[in-house]
Amino acid sequence: MLLPLIILWPVVFKCSFASLSDPENWNCPEVSPSGKGSPACVGPAPFLIFSHGISIFRIDLEGTNHEQLVADAGVSVIMDFHYNKERIYWVDPERQLLQRVFLNGTRQERVCNIEKNVSGMAINWINEELIWSNQQEGIITVTDMKGNNSRVLLRALNYPANVAIDPIERFIFWSSEVAVAGSLHRADLNGVEEKILLQTSERITAVSLDVLDKQLFWIQYSRDGSNSHIYSCNYDGGSVHLSKHLTQHNFFAMSLFGNQIFYSTWKKKTIWIANKHSGKDMVRINLDSSFVPPGGIKVVHPLLQPKAESGTWAPDQKLCKWKQGNCRGSTCGQDSKSYSCTCAEGYTLSQDGKYCEDVNECAFWNHGCTLGCENIPGSYYCTCPVGFILLPDGKRCHQLIACPSNTSKCSHDCVLTSDGPICFCPEGSVLEADGKTCSGCSSPDNGGCSQLCLPLSPVSWECGCFPGYDLQLDKQSCAASGPQPFLLFANSQDIRHMHFDGTDYGTLLSQQMGMVFALDHDPVENKIYFAHTALKWIERANMDGSQRERLIEEGVDVPEGLAIDWIDRKFYWTDSGKSLIEGSDLNGKHREIIIKEDISQPRGIAVHPMAKRLFWTDMGINPRIESSSLQGIGRLVIASSDLVWPSGITIDYVTDKLYWCDTKLSVIEMANLDGSKRQRLAQNDVGHPFAMAVFEDHVWFSDWTMPSIIRVDKRTGKNRVRLRGSMLKPSSLVVVHPLAKPGAQPCLYQNGGCEHICKERFGTAQCLCREGFVKAPDGKMCLALNGHQIPAVGSEADLSNHVTPGDVLPRSEGFEDNITESQHMLVAEIMVSDADDCAPVGCSTWAECVSEGENATCQCLKGFTGDGKLCFDIDECEMGITICPPTSSKCVNTEGGYVCQCSEGYRGDGIHCLDINECQLGMHTCGENATCTNMEGNYTCMCAGSLSEPGQICADSTPPSHPMEDSHYSVRNGYRECPSSYDGYCLYNGVCMYIEAVDRYACNCVFGYVGERCQHRDLKWELRHAGQGRQRQVAAVAVGVVVLVLLLLLGLGGAHCYRTKKLSSKNLKNPYEEPSREGSSSRPSDSEARMASFPQPWFVVIKEHQNLRNGSQPMALKDGESADVSQFSSPEPGSVKRTSWRNEHQLYKDTEQGCCTPPSSNRGTGSQSMEQSFSVPSYEAQPIALGVEKPQSLLSAKPLLQQRAPDPPHQMKLIQ
C-alpha cells in the first residue's frame, strides 16, 4: 500500500506549465526537460527587474506596473534577488558597493564595500550566501547576506565571470576567457569537483540557468562581434542546442522562466520575449526612450528559487526542519537554541508545546472595548449595541446623534460627540488619516477588491470573487479559471488573434475578406461571425478559419457592428447605410428589423442576454447611447450629452457596467446599464478609440491613430499598456474565454463533443462516461472497461472528470500544420510609452513601420503602393491581375485586395465559383411531374420529353396513389424531413423538420422542452402538469370520499329497510284475517271489486304534506287515477279530483319496485281490518310504501288519519 504512495508522491506535488500570458493566473512550470505541460496550479504573477541606464526598474510581463525601484544604482549593474527576503542585491563596480532594496523599491541601503573588478554575482537563497567572482584576481568568493565572513571558494581561475548557481543541485557555474577561447565551468558549492563543460573559440558574454528544466543557457559572440547566438546544454555539458530562430545580432542579457526566454540587445531599447525552444511567439516590450539598452534582466518568481529537499540544508536548518515536524500549525524558532515551536501574535502555545491555540482577548477584559467585544481567531474587535456607533479609535462607542449639517464633509456620515462632530464609516470600512474619507467596502475603490468586498468586522474586510474566478495571492485581484483567454479582433483586411501579453499573435482569416469592422464570437458552437462592409454580406466560420458560410447576402449596406446573443441563439447588427438595426437567428433565417425609427448612424452594438436588452451607439445627427428590449421596444437613452462620435460599446457582465468610447473626443466612459453613475476613465491619451472589450479587471480598446490595442484598468483607467504589431485598423475586439460570455451552454451543440454525458461548468463542456466506461485520452470519447486496456496512472489519459485543457483554442489542433514556413510571423510589441522610433516617421494608415536599430522606414502593405508615407490602393480588377473566372464571377475591388463575386447560379469562397445544383438541392421551380435537369449556372424543366417553363404543371400520366393516413412520407402538409447534415440539430429527442412555407428548419420538441432547438426546459409546462397532477390527486381523493359516503348511505338505507320490514311484520295485521268491528256487510264498491279482481300484489305510496289535518282520508279511485284528499271529515260524493297518475306520486304495482314487500298471504279483506292493521307515521315529505294484497277499498284507511291534525291536500295514485 505504501509503495504506490511513495511512487506517486513526487507526481502529486508537481505542477505543469502551459503558458505565462495571464498576469494574475499563472500556471506553474513543470520540472521536466521537455518544458511542456498543461495548466495545473496557480502561482503569483512573475515580473521582470532590469537595469536601464543608471536605474533599476520593474515591469510586469504584460507591460503593466512599470516603475522605477532605484534611481541611482550605478552605470554597470550586476544584480540578483532573494525572493523570500523580498530583496534585490546589486553590485556597483564603479563605487565598489554592495547594496540592496526591497522589491517594492523601499528601504534602499548599503550592505558593504567590495573589492574592484567584480564580474559576476549570484545568491544562494538556501544557505543565505552571496557568491561573486573577481575577474582580475581569478577567484570566486562566498560571504553571508551582510557581506561578512568572507571566504574564497575557488582560486586560480582564468578570468571568471557570469556566475550562476543552483543550490538545489549544489552546483556553481561560470564562464572564463583565455586568449581567444571561451569556456564554461562547473563546481559544487564546496569548491570541489571542478569541471569544464564546454570550450569554444568564441566569446561567452552571459550565462543563465533554467533551474526548472536543469538547463544552462549562454550568449556566444563571434570574434569580430558581428553576430551572436544563444546556446543551451544540460548541467553536464551534453545536448548542446543552438536556438536558430533567435536571430538578433547583438544579444546583451537574458533570463529564463518556464517555456520563455527574456533577452535584451545592444542596439535597441527593448526587451524581447520568445519561446526558448523554437524562438517563436516573439513579443517586444518597448521601454522609454534612452540612449542605452536594458542591462541585466531577471525574472522574479518563487519557482525560480524553490525550497530545498532534505539533505541540502545547513546543520542548524536540518535540526529546525526536523523539529518543525512536531510543530502543528506553528513555526520553528530558529533563533532559539532549543528550536522550540513558536506561535504568531494572538495565539499561545499548547501545554504539549506542539499546537497553537487562540487567545480569547475578550475573556481577560484587557481589550479596551467600552460596550462590547467579539473574539475572532488570532484577534478581536469591539462592538456597539443598536443606536450606537464605533468611533474611529475602534474602542469607544457613542450614541448615534447626527450632526446638524455635514459641514465636516465626511465621505460617509457624521456623529455629534462631546469633542465635536466626528466622521465615522460603515461596517467593513475604516477612517483614513484625513479623518473624513472611508476606506474599505464603502470606498470608491471597493476596498481594493476587484470583484467582491466582504466585511468581516466594523474595521476589517476581505476580498472575494464570483463563481469561476480565483482570488490571487495579492488577496485583491480575481482571475478567470479555465483555459487561457485571448483576443480576437478584425484588422480591416483580416481577422487576428493574440494573447493578452502579445504572444500567439497570428492571423485567423485573411483570404478574400474585403473590409471587416464587425466581429463577434459564439461560445456555444465556437464560431466567429463577421460582416463585410465592402462586399455587403455577413459570414461565419470555425475558429480555425474553415467552413465559411454566408448568412446574409442581400439587403445589407454598411454593417459596422455585430453582436451575438449566445443564450437565445440570435445575432444583431447595425447598418449605418440604411440607418437601422436588424437581427436574425444564427442561421440567417427569420430576419427582422429591430430599430428603424429615430436612428441616424448606428455603429457599435452589444447585447445583454440575461437582461434581455440591446445597447448601441449612434454617431449621427443626435449622437447618443441607447438601449431597448430585444424586440426593439422600451427604448431608453443612456447618454446624450458630451458626445460627438460614440463608436465602440461593451458590457461587463460581472458588474453590469456599460463602457463606450468616443472617437472624436478621445474618451473612454462607463455607466450603469440605466445610464446612472456615468464617469470618464481615460481622456486624450487614448488616440482615436474605435472598438471595445472588457474582461476581468481591464478594458481593451483599439486605437486608429497609432494602430494598436490599448488596455487600462476598468475602474481607474490607469496602468495603460499598448499592444501593436503590423496592425491596420483594429476593430471589434472580442475576448474569447468561457467566462467572457456567462451562461453559455456548450453542451447544446453536438453534446459538447462528448460521446456520452456532457455537463456544463462555468461555460466549458465537461465530458463524463456512463457506468462501465472511462474517458479516452482525448477526454471526449469513452472506452468500455471490458476488452480495452485502461491507461495506467501517469499516462497521458486523464481518467478524471475534469475539463480538459484547451477546450477553447484560437485555432484547431492541426492549424499550425497548414501554415507554410514562408508565412510572415507577426510580432507583437508591448509599448510602455508612446515614444518609439516610428513615431516621428509618420507612416500612412496603409503602411507598416519597420524599425531597425536607429533607423525606421515605412513600407506600404500588400495591395497598396506608394512611398510608405502615402499609400494608395491597387485596383487589381482594373489591372487584370486577378484569378476570378470571367464566366462565373465578377471582380470586386476592395481596399488592399479584391473579391470574386459569383454570378447567379454559382457559389464560391471569394476566389473560386462552383455551379449550384438546383435540382439536387431543391432550389428549382419546376412544376409537378416535371423533370429538373441541372446545367452550368442554371437548370431546365422537362415534361415527358418536352421542355417546359419553370412553374408549369405537367399532366400526370399515372393514376394518383392514395396512401394510407398512417403511412410515413418525407413531405406532408408543407413539412419535409431535415437532411442528414442536421442530425443532432434538435436536442432532447426533438424531431427536425423543414417548413417550406417559411423556408426554415424547425424542431418539434417533446413535452417539457421549448426553444428553437428544444434547448430550454418548459417551466410553464412543468408547472402546468404539476398543477394537473395535484388536481388529479384532489379528484381521486374526492371520488374516494364520495364512494365512501354512498356506501355509508346504502348501508344506512339497508338497515332502515330491514328495521321497517321487521316492524311491519310485528305490528301490521292483514286486513283479510280479522272481521270488521262494525259488522259491515255492505257490498264493495265497483272500484273495490275491480281491485279485488286482480290477482297480483299491490302497494301504496302516500305522500304527506305538512298541513294534513285530522279527518282527511283517502278516497277510493279507479285504476290509474289520483285523488286530492281535501279537508273533510267524511267522504262526500264528488269531492275527489282525478288526475293522471303519471304526474304525481303513485300507488305502485309489483312488490319488487318497493322499498319493502308485505307478506304474500291472501287472507280476508275489509275496511275494518285495514284500519286496524295500518299505522301511518307522521314523517314530513317522505313517501311510505305499503304492501297490500287485493285491497277491497281504500276507505278502510280512514281510521289511520283520524288522529292527525288537518293538513293540506294529499295526493295518491293507484297504478296497476
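Cβ coordinates are placed from backbone N, Cα and C, and glycine is handled just like the others.
Of the cysteines Cys860, Cys900, Cys902, only one is given by Swiss-Prot as the disulfide partner of Cys884: Cys900. Given the ranges 537-556, 737-756, 917-936, 1197-1216, the record in Swiss-Prot names 1197-1216 as region 'Disordered'.
Checking the candidates Cys858, Cys860 against Swiss-Prot, the cysteine paired with Cys843 through a disulfide bond is Cys858. A disulfide bond in Swiss-Prot ties Cys891 to one cysteine from Cys877, Cys902, and that cysteine is Cys877.
Long-range contacts of the domain 'EGF-like 7' (873-914) within its own chain (CB-CB distance under 8 A, at least 6 residues past either end) are made by residues 492-493, 511-515, 534-535, 548, 846, 861-865, 936-938. Per-residue pLDDT, averaged along the repeat 'LDL-receptor class B 6' (526-568), amounts to 90 for this model. Applying DSSP to the repeat 'LDL-receptor class B 4' (214-260) sorts its residues as follows: 0 helix, 24 strand, 23 coil.
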